[in-house]
């Protein structure tokens, strides 16, 4: 009997292996490009990659992970206690109220297993049908406010996805709420069931979407550990290169996760180092706006809008669609603009160039994580300044201004003389010497590229006025505007940046530019000499998606100087005429929407 069971078990294992092989070949929308196992050199490169990430605090210690688990456990107990209390107030017998359940789910980077040290936790409170959203923002908020470990508590009930933000035991937590059409919420509840969305309101569906998408991504990747290390590397690279921000028109965390997941599907057995290299190979040659999909879209029809350019006209204008894998499918990158897509495509190509060298042993992983010197790339900038009188007002005001910056980028892109508007996601504090009394200020910089036209006259009055009016009117409409809040936009030439940035920062930028330029020049020479030789040293050429030669992107315009304070850099050269803008564009106050100082580039 035991022998027959062993034979049957062996047969079942072979069948499972065969099915798994078939599954790996057809993960996602297409078959895999390569199912080759990693070579020893790939594993060595992966180890080097992991070591190179450690100085950037992308890994937490066991103690820090345990602290997160402890805090989540306390939060879960609070939710259970609150749901029981609210249930009893709804005249439910205590014996029944104890069993209605309720659960806390996590999503985002923590759920994916790629969160950094000190990162926040995205959480979702799921409650049974007799618990209302109003209860969550009143009685549960009150319960949190009384907890000794909860600080910085604030509710954003009118947001697109309503949220309670808090610091719980030293950990930042953003908590959403969803009510299901169920009498009880068991601990074994799986949110992947599409039918759970039936009869839910839009806010509940949006709140559930984060968990459902995160879980689906993890289900669709062939090797979770390889996926996680590769995603950690890509997220760090994106942040260091200034292209990590959904609000500003770049990609957010879930979008980067889906791109890495798609790479994993195409190379299911590859080591993490290979996945990072293939990531740049795939997306430097991707034919946008062809969408990135991790699976065939669901045929579920519960009445919720899904991304479908065949039906929805507005979906046809999305520039870089990356579609979430859970119903209702959405484009996670609808904020991407022409400029931000151009910038990201340049970074993809440069990333491929660098990782080519890394895989050939001609460079180290540190090179991939070197930030580009943004302020030496452009001669002209628009500086956005957000002012407020108190810390709380400043935090709130900056959040609103930042959420609207992409509208200004859109306005600038529609100007026929502007070819690129590059927003730097990093916000800067104003220099102490420039600060106004009793005022706090944050700044964002937008690098501008102008069309090469003789006698260039650029009038940005309308572009700036539309933006400032939108920000202030929205602040008034949501009753957020307070005295002292204002937003300004100023034109700044490169030589004037010392008025806004510290000398030490400018020095680092210049030093980084020089070393980076030298590295690119040396690498170009190597690639030129190798082009005439044998292809035997080039890794996986046959698996490349295109026969095009790699595009190597230089870091700066060759006509630009490395010195920030060089006067010649602030003017156009050759066919470009000198361009100047007014240096102070003040947003209109809500009491006088027409009082806008004109800004003209002549």
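Numbering starts at 1 and runs along the chain as displayed.
Glycine is no exception: its Cβ is also placed from the backbone N, Cα and C atoms.
Look at TrEMBL and you will find 107, 108, 109, 120, 121, 122, 174, 235, 244, 253, 254 tagged as ATP binding site. For 120, 122, 174, the entry in TrEMBL reads Mg(2+) 2 binding site. What TrEMBL lists as Mg(2+) 1 binding site is 120, 122. According to TrEMBL, the compositional bias 'Polar residues' annotation covers 1-11, 574-585. The compositional bias 'Basic and acidic residues' annotation in TrEMBL covers 12-21, 538-550. Positions annotated as compositional bias 'Low complexity' by TrEMBL: 559-573. The feature domain 'Poly(A) polymerase nucleotidyltransferase' is assigned by TrEMBL to 28-221. Among the features that TrEMBL reports, domain 'Poly(A) polymerase central' is placed at 226-370. Residues or ranges marked as domain 'Poly(A) polymerase RNA-binding' in TrEMBL: 374-431, 433-510. Look at TrEMBL and you will find 1-21, 509-585 tagged as region 'Disordered'.
Annotated features, which come from TrEMBL, shown on the structure.
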{"residue": "107", "record": "ATP binding site", "Cβ neighbours (10 Å)": "24"}
{"residue": "109", "record": "ATP binding site", "Cβ neighbours (10 Å)": "22"}
{"residue": "120", "record": "Mg(2+) 2 binding site", "Cβ neighbours (10 Å)": "17"}
{"residue": "121", "record": "ATP binding site", "Cβ neighbours (10 Å)": "22"}
{"residue": "122", "record": "Mg(2+) 2 binding site", "Cβ neighbours (10 Å)": "23"}
{"residue": "174", "record": "ATP binding site", "Cβ neighbours (10 Å)": "18"}
{"residue": "244", "record": "ATP binding site", "Cβ neighbours (10 Å)": "20"}
{"residue": "254", "record": "ATP binding site", "Cβ neighbours (10 Å)": "21"}
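Distance between Cα atoms for residue 174 (ATP binding site) and residue 122 (Mg(2+) 2 binding site): 5 Å, as a whole number.
The average pLDDT computed for the domain 'Poly(A) polymerase RNA-binding' (374-431) is 93. Taking Cα separation as the measure, residue 122 (Mg(2+) 2 binding site) is nearest to 107 of the binding-site residues 107, 109, 254. Note: the Cα of residue 244 (ATP binding site) and the Cα of residue 120 (Mg(2+) 2 binding site) are spaced 16 Å from each other.
Of the recorded residues, residue 109 (ATP binding site) and residue 120 (Mg(2+) 2 binding site) place their C-alpha atoms 9 Å from one another.
Cα separation, residue 120 (Mg(2+) 2 binding site) to residue 107 (ATP binding site), rounded: 11 Å.
With DSSP states grouped into helix (H, G, I), strand (E, B) and coil, the domain 'Poly(A) polymerase central' (226-370) comes out at 74 helix, 6 strand, 65 coil.
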